[in-house]
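For reference, the structure discussed in these notes is given below.
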Amino acid sequence: MKKIAVLTSGGDSPGMNAAVRAVTRTAIYNNIEVYGVYQGYQGLLDDDIHKLELGSVGDTIQRGGTFLFSARCPQFKEEDVRKKAIENLRKRGIEGLVVIGGDGSYRGAQRISEECKEIQTIGIPGTIDNDINGTDFTIGFDTALNTIIESVDKIRDTASSHARTFIVEVMGRDCGDLALWAGLSVGAETIVLPEVNTDIKDVAEKIEQGIKRGKKHSIVMVAEGCMSGQECADELTKYINIDTRVSVLGHIQRGGSPSGADRVLASRLGGYAVELLKQGETAKGVGIRNNQLTSTPFDEIFAESDRKFNSQMYELAKELSI
């Protein structure tokens with residue numbers, strides 16, 4: 001293994017830069033040349049590939065976003081398009097590709113490994129949604145969680161001052177981990193998740209019970225994958241006469257300097273990805289399970305159609321929100 005490339009793809013997440021830094025410095029330490037692919041898979045097509053040096057990743061571990069940039073590239077699903085991307089790697093003698101991103105990014109890496117046996121591919125889970133199989137946590141999840149906690153703590157101040165119910169919508173299309181972990185952390189009165197069939201009438205009854213006990217305000221945490229915050233508010237007011245406000249946190253969840261936990265996770269996974277390439281591994285995603293570094297074949301990651309839902313944590317959140 002003499003040359004590798006690294007790219008970031010899909011939605012950005014805090015800690016991607018730390019992962020690129022770890023890949024780059026681990027490779028250089030092992031006398032491997034590193035190339036950065038700018039603009040994700042689109043950069044592979046456009047030949048936007050440039051050599052990275054130690055200085056290229058200096059002063060990046062604390063930066064949010066990705067200095068390699070990211071872009072959606074739906075045309076990468078086409079075989080002719082992928083051939084062009086593979087040729088751009090081949091002509092530089094690149095033997096390994098590290099892809100940092102989510103499920104769609106992994107699928108692109110798998111295609112490359114299938115269609116070009118001389119190019120090894122390793123995926124690193126980078127998404128705030130924490131929805132990738134093969135790992136307990138994805139890069140960016142912890143930072144996004146802390147961003148939500150900080151925001152909702154401030155929202156609760158104004159909710160308390162005006163005796164209002166705030167519906168807070170957070171990211172999470174298919175996986176409600178952000179809503180679940182944040183809801184437990186901020187003491188939300190109710191958490192609405194895509195993994196759980198929630199009757200809004202029950203939510204209204206719970207809020208009403210709290211009002212009867214003297215509670216003046218409530219926080220309802222909603223993952224975007226099951227309904228919008230506004231839809232939740234509209235449904236609630238059909239059953240109970242309360243003053244509601246909706247707060248959609250949106251892309252603020254993706255930004256900001258990565259937390260210490262995300263910097264460490266990204267560094268560990270980035271270094272491990274290079275080690276796997278050195279060992280001749282390919283078509284695998286790296287991860288962390290029980291604080292141990294692991295690797296899982298892409299086929300197995302895709303076969304697990306549903307991540308294991310933490311029902312125990314959900315039940316605890318319900319018990320603590322009485």
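Note: Cβ is positioned from N, Cα and C throughout, glycine not excepted.
Values in this document were obtained by computation on a predicted structure and should not be read as measured data.
Among the features that Swiss-Prot reports, ATP binding site is placed at Gly11, Arg72, Cys73, Gly102, Asp103, Gly104, Ser105, with the record citing sequence analysis. Taking all protein chains in view, 17 other C-beta atoms sit within 10 angstroms of the C-beta of Gly104 (ATP binding site).
Summarising the annotation, Swiss-Prot assigns ADP binding site to Arg21, Ala22, Val23, Thr24, Arg25, Arg156, Gly187, Ala188, Glu189, Arg213, Lys215, Lys216, His217 and lists sequence analysis as the type of evidence. In sequence order, Ile219, Leu320, Ser321 make up the list of same-chain residues 6 or more apart from Gly187 (ADP binding site) whose Cβ falls under 8 Å from its Cβ.
Cβ neighbours within 10 Å of Asp103 (ATP binding site), excluding its own Cβ and spanning all shown chains: 19. Swiss-Prot lists Asp103 with the feature Mg(2+) binding site.
Taking the Cβ of Arg254 (substrate binding site) as centre and 10 Å as the limit, one finds 19 other Cβ atoms among all the protein chains shown. DSSP gives Arg254 (substrate binding site) a coil state; it is part of no helix or strand. According to Swiss-Prot, the feature substrate binding site maps to Thr127, Ile128, Asp129, Arg164, Met171, Gly172, Arg173, Glu224, Arg245, His251, Ile252, Gln253, Arg254.
Here Swiss-Prot flags Asp129 as active site, proton acceptor. When Cβ atoms from all protein chains are considered, those within 10 Å of Asp129 (substrate binding site) total 27, not counting its own.
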Discussion item. Quick check on the binding-site residues Arg21, Arg245: which one has the highest count of other Cβ atoms within 10 Å of its Cβ?
Written reply: Arg21
Worksheet item: What subset of the binding-site residues Arg21, Val23, Arg25, Arg72, Cys73, Ser105 lies within 10 angstroms of Arg254 (substrate binding site), using C-alpha positions?
Response: none
Worksheet entry | Gly11, Arg21, Arg72, Cys73, Gly102, Asp103 screened against Thr127 (substrate binding site), Cα within 10 Å - retained binding-site residues | Gly11, Gly102, Asp103
Worksheet item: Roughly how many angstrom lie between the C-alpha atoms of Arg21 (ADP binding site) and Ile252 (substrate binding site)?
Response: 23
